[in-house]
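A short write-up of the structure that comes next.
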Amino acid sequence: MIEKTYSLDDVIAIVLVVIGLLAFHEARTSFPFEEGVFPMIASAIMAVSAAIWLLRPFLPSFLHSALIEYDEPAEIEELEDDLETVTHDEETTNEADTGLVDDRNMMYMLISITIGYVVLSYLIGFLWASPFFIVVYGMLMGFDLRDHAIIIAVAFLVVLGFAYFTTAPVDEGVLWGVNI
């Protein structure tokens, strides 16, 4: 039996397909047709794009080569191998002194924060969850207070603009008694 190892790209693509299909279904059943068109199109694009990424080994050669051209995992693996040999030769005090987090841990933290944002948005609404997400993300990336304030203000404007054009209740979540 041939074992297939799945990369983090594959796992994220599977999650995006599932979320895209659920979002499409929710937009189709929760909104009137006119207001649901944009969320249906956005979720369909997300689900189809992630499905194409998952099915890339089975695509015709010209499509497969177009996708793989941007993937280039062999070069990334070579760079990681080179980095491992360099870091094995040196002591790891550099990471401990600076407090830097390696890329893999950073990726897992960003995925966790994003999942937390989606869950919190469902519970209290996108409008109120966005500042929490921005503060946590900004602390992780080292933003100062001024940058936090600017990004939170822009996020409020974007979410309120989305609410205005789609008439979606983005400030309501299931904890407020409204099922979004």
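Positions of Cβ are set from backbone N, Cα and C atoms, glycine also.
Marked as transmembrane segment by TrEMBL: 6-24 (among others).
Look at TrEMBL and you will find 11-162 tagged as domain 'DUF1468'.
Residues annotated as transmembrane segment in TrEMBL: 36-55 (among others).
Here TrEMBL flags 107-137 (among others) as transmembrane segment. Outside the transmembrane segment (107-137), and at least 6 residues removed from its termini, the chain residues within Cβ reach (under 8 Å) are 8, 12, 19, 101, 148, 151-152, 155-156, 159-160, 162-163, 169-176, 180.
Marked as transmembrane segment by TrEMBL: 149-167 (among others). Long-range Cβ contacts of the transmembrane segment (149-167) within its own chain (Cβ-Cβ under 8 Å, at least 6 residues beyond either end) map to 31, 35, 38-39, 126-127, 130-131, 134-135, 138, 143.
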